[in-house]
Amino acid sequence: MGRNGMNTESRRAVSQWFLMNGFVTASWVAHVPRQSAELGASPGALGLALLCMALGSVVGMAVAPRAIGRFGSGRVAWTAGGVYALLLPLPLLAGSVPALGLALLCFGAVHGLMDVTMNAAAAAGEKALGRPVMAGFHGWFSIGMVVGVGGGVAALAAGLSPLGHAAVAIGLAAALLLSGRPVRGFVPPLVESRTARKTGIDRRVVALAGLAFACLFLEGAMADWAGLLAVTFGAGPAVAPLAYGSFTAAWAGGRFLGDRLTTVAGDVAVVRAGGLLAAAGIAIALLGGTPGWVAAGCGVIGLGLANAVPVLFRAAAMGDTSGRGLALVTGVGYFGFLVGPPLVGFTAEAVGLPRAMLLVVAGGLVLAAGAFTLRPRRIGREVEGTPPDLNEARTSSPYEEVGNHERRQNAGTG
């Protein structure tokens, strides 16, 4: 980062981390229907295995702030990305449900570490730039998911073995990582202002965390169960991933429009409409009752959820409590992403998958109803004017820049 914002190198690096994380995650997601069938896992058993990824993620998120503070976000994100890709074969090749759970425990731990690092860097960069860019970063994650799902569909259709698909995915991820080195000095350890330490986290931030949980709960449910829902309505294993592909395509497209959309319509309208679209989308899928209608409904859900998370993370990063606030909203949100699939699985065990997916309707309505938590102001007004300098970002943003170059700049400016 430069003194007044993110330079091109820093912004490209953060975009690459989001892209690669989405690609590797989706490369696993594309194999969920196949693994479920080959292992003969019931919805409840599969839900337990998926819960292991949530537990691993909690561990990764817990160690992330200390790792970032010690080694720097650039180095942590870059290294975690490499390890995350290398662990991809474990869930793809697991030969039993317990083995799958163990593999996802490790996979989830690195996922959690990388997620916190990426969003820390994105929030600090947006604050320094003084204009909305969070949705764009999340758009690259969505693009990675689209490419990962597409690659999974192609691999399954071509009869490529899981190990072969993993090798190709690891090669692409490595090429992406090696195309740029970790950004020197790009280090946002969690810090808090003096005011934040005295006042603590306010109730609004807690409410934002609840909304983030609901939103990412829906995203997680779609990631692991959209394909299986298509199977329930007659799709074959090679076609089923297209349901989630429809979700991710709409999700990605919506995110690249998100920064402009929030400037024009405002946070409340974006989140409220998103929740209603999510509820309507699953209704379309269930009432249609065919793989085509499932794919169409998933696309509507993806469009609805596209910009809710960037808006919520941005809101959490504002104010004196932004350090702990963003950490809370990010952690609770991603826990929702990882606990959603197992909860859907447990419910499906009792009432069947189509009825279990009504949880998506409930989550969408919660998101729409809670949108009032966001202050009804336009993002353009919030970020209007000259971007804050680095000294301001270091005291009021959730993360601070360190590194020899930035230290010298701060010393020179007082």
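From the backbone N, Cα and C atoms, a Cβ is placed for every residue, glycine too.
Look at TrEMBL and you will find 12-32 (among others) tagged as transmembrane segment. For the transmembrane segment (12-32), same-chain residues at least 6 beyond its ends with a Cβ under 8 Å from one of its own Cβ atoms are 6, 46, 74, 77-78, 81, 84-85, 88, 91-92, 107, 111, 114-115, 117-118, 121-122, 125, 136-138, 140-149, 151-153, 155-156, 162, 165-166, 169, 172-173, 176-177, 179-180, 182-183, 186, 223-224, 227-228, 241, 244, 248.
Outside the transmembrane segment (44-64), and at least 6 residues removed from its termini, the chain residues within Cβ reach (under 8 Å) are 32, 36, 76, 97, 100-102, 104-117, 120, 224, 330-331, 334-335, 338-339, 341-346, 348-349. The transmembrane segment annotation in TrEMBL covers 44-64 (among others).
The transmembrane segment annotation in TrEMBL covers 76-94 (among others).
Feature annotation from TrEMBL assigns transmembrane segment to 100-125 (among others).
Look at TrEMBL and you will find 137-157 (among others) tagged as transmembrane segment.
Per TrEMBL, the feature transmembrane segment maps to 163-183 (among others).
Summarising the annotation, TrEMBL assigns transmembrane segment to 204-222 (among others).
Per TrEMBL, transmembrane segment is recorded for 228-252 (among others). Sequence-remote contacts of a segment are chain residues at least 6 beyond its ends whose Cβ falls under 8 Å from one of its Cβ atoms, and for the transmembrane segment (228-252) they are 26, 29-30, 32-34, 36-37, 139, 142-143, 145-146, 149-150, 152-153, 156-157, 222, 285, 289-291, 293-296, 298-303, 305-306, 353-354, 357.
Residues 211, 214-215, 218, 229, 258, 293-294, 296-308, 311-312, 314-315, 354, 357-358, 360-361, 363-372, 374-379 of the same chain sit 6 or more residues outside the transmembrane segment (264-287) yet have a Cβ under 8 Å from a Cβ within it. The transmembrane segment annotation in TrEMBL covers 264-287 (among others).
Outside the transmembrane segment (293-313), and at least 6 residues removed from its termini, the chain residues within Cβ reach (under 8 Å) are 119, 122-123, 132, 134-135, 137-138, 142, 208, 211-212, 215-216, 218-219, 222, 226, 229-230, 233, 235, 242-255, 257-259, 261-262, 267, 270-271, 273-278, 280-287, 326, 329-330, 333, 360, 364, 367, 374. The transmembrane segment annotation in TrEMBL covers 293-313 (among others).
Annotation comment: TrEMBL describes 325-344 (among others) as transmembrane segment.
Annotated transmembrane segment per TrEMBL: 356-374 (among others), in sequence order.
The region 'Disordered' feature in TrEMBL is assigned to 381-414.
What TrEMBL records for 402-414 is compositional bias 'Basic and acidic residues'.
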Distal contacts, the transmembrane segment (163-183) - CB-CB under 8 A, six or more residues away: 1, 9-10, 12-13, 16, 19-20, 23-24, 27, 31, 72, 74-75, 77-79, 81-82, 84-86, 88-89, 92-93, 148, 151-152, 155-156
Cβ contacts under 8 Å made by the transmembrane segment (137-157) with residues that lie 6+ beyond its boundaries: 14-16, 18-27, 29-31, 34, 118, 122, 164-165, 168-169, 172, 237-238, 241-242, 244-245, 248-249, 251-252, 255-256, 258, 306, 309-310
